[in-house]
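K.L.:
What Swiss-Prot records for 16, 142 is active site. Under the heading ATP binding site, Swiss-Prot lists 100, 101, 102, 103, 104, 105, 106, 107, 108, 109, 110.
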């Protein structure tokens, strides 16, 4: 095996929020048909990659709550890329974790996509964008979004992407109770039991919903007389069963300059939007102690035009 040079590659791996999450129905393959708008935000993890010639994937992290073994999406992504490319190189990977775990912000999916992108460069594989997206879709439904990044329409399981052209500069405040997490699989199951009686087979309805989101999705997110529309079907389930989510949404709704508020993904993180990052920072400065006293961690961030980036 030929030795490669040992550069160190560093990558910024951002979180996402859902600006629209519509569950159209349950498919015959067991997955749910979705129509979503996902947006990267600048709450980010950081990954470092370095070649090792032992043929091993070695993952370390500053987060003690993460498994670092083969069930970690970073390790799965690295092993998939090695197998697909038929190479024997390994990698030493270090993850600096800032995105909370089990929060509805898809930190694990972002890290998986960052690993595919980072190791593609580190190992000089030169795989094209389409190949990386195909590999990503085998690992998780929302991982292809992070290969693309920015703001995207997401259809199917979340793997069918259409780039949106926007220049939103909203500020974001996030709230999450650090002692609460939500199972995405359980949330979808509960939603399906309540609202999806039969398997979905109406292709015309699916296409109509997709067209409506293409035509009107961005309009609903434009600031107009302090009214924005954000839809999250899963919030119907989680808010009723999780007091911390219900309270977080209430607290965000009472912020003076809040334009709108919602839960992200399957929760439990909730967020509020503000006209710009300066307004969001002022609101968080004024309320951070109050949020902490209520049991919430809080963050302020803004939208990103791009997703995963080399640094």
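Using the three backbone atoms N, Cα and C, a Cβ is placed for every residue, glycine included.
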K.L.:
Among all the protein chains here, how many other CB atoms are within 10 A of the CB of residue 142 (active site)?
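P.N.:
So the Cβ neighbour count for residue 142 (active site) comes to 26.
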K.L.:
Determine, for the ATP site, the additional residues of the same chain whose CB lies within 8 Å of the mean position of the CB atoms of 100, 101, 102, 103, 104, 105, 106, 107, 108, 109, 110; present them in sequence order.
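P.N.:
Output for this site, in sequence order: 15, 99.
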K.L.:
Taking the binding-site residues one at a time (100, 102, 104, 108), which has its Cβ surrounded by the most other Cβ atoms within 10 Å?
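P.N.:
Going through 100, 102, 104, 108 one by one, the largest Cβ count within 10 Å is at 104.
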K.L.:
Would you mind pulling the DSSP three-state label for residue 16 (active site)?
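P.N.:
Going by the DSSP assignment, residue 16 (active site) falls within a strand, counted as strand.
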K.L.:
Can you grab the distance from residue 16 (active site) over to residue 102 (ATP binding site)? Cα atoms, rounded to a whole Å.
P.N.:
13
K.L.:
If I restrict to non-local contacts, at least six residues apart, and a C-beta distance under 8 angstroms, what lies near residue 110 (ATP binding site) in its own chain?
P.N.:
13, 14, 15, 16, 45, 99, 146, 307, 308
